[in-house]
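Copied over from TrEMBL:
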| type | residues | note |
| --- | --- | --- |
| TRANSMEM | 21-41 | transmembrane segment |
| TRANSMEM | 47-68 | transmembrane segment |
| TRANSMEM | 89-117 | transmembrane segment |
| TRANSMEM | 123-142 | transmembrane segment |
| TRANSMEM | 149-171 | transmembrane segment |
| TRANSMEM | 177-200 | transmembrane segment |
| TRANSMEM | 221-245 | transmembrane segment |
| TRANSMEM | 257-277 | transmembrane segment |
| TRANSMEM | 298-324 | transmembrane segment |
| TRANSMEM | 336-356 | transmembrane segment |
| TRANSMEM | 368-387 | transmembrane segment |
| TRANSMEM | 393-411 | transmembrane segment |
Amino acid sequence: MQLRISKLIFSPAVRNFSIYGVGQVFNLVTPLIVVPYLVLVCGVENYGKISIGMAVSFFLMVFIDYGTDISAVKDISVQRNNPSQLKSIIATTLGAKAILFLVTTALFSGFIAAVPFFHQEYLLFYLGIPILLGQLVNPTGILQGLEHFTSITVMTIVSKLLYVLLIFTCIQSTSDYIYVNLFWGIANTVAYSILLVYSLKKHQIVRSDFQMSAIKHLLHSNFSLFSSQLFVSLQMYAPVVFLGYFGSNFWAGQYRIVEQILVIFKTYLLLFFNFVYPRICYLVETNRPEAFRYWRNFNGLNFVFIAGAMVVLFTCASWVVGFFTPTHRDTIAELLQIGIGIPLLMAVSVPLKQLVLGFGRQREYTRITLFVVLLTLIILAIVIPFYQVKGVLYVLLLAELLTAILFYLFLKERLKRI
């Protein structure tokens with residue numbers, strides 16, 4: 001047993017994860033540095049507005065990715081030793097993202113001008129468009145598929161340092177809240193562009209590699225996966241927008257403070273998914289028993305870590321909230337203690353999602369996701385006027401639990417055959 005644990009700890013996979021983890025520490029620590037400052041300078045209500053603007057931009061990023069953040073990673077991982085196929089996948093993915101960026105940006109600009117809820121804060125939303133540009137030039141999917149985690153780490157560190165520098169240099173008054181999302185977009189665009197250009201040169205991508213027929217095929221074949229990702233994104237970002245629309249920006253600010261604490265662990269889980277997923281896809285194609293062992297070992301240890309972290313967070317909830325804001329401390333701490341169950345349940349549902357997608361069952365994944373998200377959105381719209389932020393957290397707990405149960409029921413018989 002000790003030998004197995006020792007081999008796991010000193011394996012290349014753990015070494016890669018350690019390198020990857022260094023960059024993700026910056027992802028996790030950045031909110032701890034920035035959010036208290038933003039709440040102090042801009043106030044809880046304006047922080048709620050910032051959060052709504054960022055949530056909308058993050059939701060629109062799904063239209064630009066169009067499922068390629070999953071499909072391209074899998075395809076690149078499988079074809080990593082086939083240069084011609086690799087070039088085609090990269091060029092087609094980037095071409096599709098460029099078209100979708102132009103369409104999404106144009107439609108969103110018109111939407112801001114036409115819809116009163118968005119138009120009253122039109123500068124905030126327009127200045128969030130660079131976030132979409134950053135996603136267009138984001139080469140993370142390429143690097144994940146090739147398991148080049150050192151490059152991802154360097155890119156992450158550069159983008160986060162630049163973002164923090166811009167925030168502390170330029171955000172000096174309450175009215176500066178409209179620039180926060182702009183700075184996020186600028187920081188990502190600068191860091192991602194450098195690595196994208198390097199990747200294009202390394203793989204010798206030229207204009208002739210961008211084939212419209214291949215792009216059309218991608219848009220058609222990825223529609224199901226895009227739909228599922230769209231609804232997952234709705235589930236992630238709709239709560240703060242719903243709270244602002246059906247309630248108030250202050251409610252949105254309270255929720256966002258809680259979410260910003262939890263998102264440290266949620267982001268970690270999603271990044272852990274991104275790390276493990278390419279290897280699972282590769283092993284599923286070559287050695288399914290080994291794929292399952294790899295999945296079980298890494299995700300089992302990860303669940304133990306998350307469970308321990310949630311116990312500590314529950315115990316220290318009041319102190320943690322006080323770090324972010326001195327006002328309404330007890331109320332927000334109680335909300336945080338409710339929300340702690342969300343990352344814990346995600347530590348179960350996210351690994352199950354790895355297997356569903358790794359086995360190539362995108363259609364079933366889409367159906368399950370669609371059902372859960374639609375149910376969640378309906379319940380949220382009903383619950384928010386009566387139970388406010390607390391109601392949102394309970395609904396999200398229910399949604400994560402239901403997702404895990406449905407994924408498990410789908411996989412149960414398949415796992416027995418491995």
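Every residue, even glycine, has its Cβ placed from backbone N, Cα and C.
TrEMBL: automatically predicted annotations, no manual curation.
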Distant-in-sequence neighbours of the transmembrane segment (149-171), which means Cβ under 8 A and at least six residues beyond its ends: 16-17, 19-20, 22-24, 26-27, 30, 33-34, 37-38, 41-42, 139-140, 143, 177, 179-180, 183-184, 186-188, 190-192, 194-195, 275
Within-chain partners of the transmembrane segment (177-200) [C-beta distance under 8 Å, separation at least 6 from its ends]: 38, 42, 46-47, 49-50, 53-54, 57, 90, 121, 123-124, 127-135, 137-140, 142-143, 151, 154-156, 158-160, 162-163, 166-167, 170-171
Folded-back contacts onto the transmembrane segment (89-117), same chain, C-beta under 8 angstroms, at least six residues removed: 60, 63-66, 68, 72, 75-76, 79, 125-126, 129, 132-133, 135-136, 141-142, 199-200, 203, 205, 209-212, 214-215, 217-219, 245
Beyond the flanks of the transmembrane segment (123-142) by at least 6 residues, Cβ under 8 Å: 49-50, 53-54, 56-58, 60-61, 64-65, 68-69, 72-73, 76, 90, 93, 97-98, 101, 104-105, 108-109, 112, 152, 155, 177-179, 181-182, 184-189, 192-193, 195-196, 199, 274
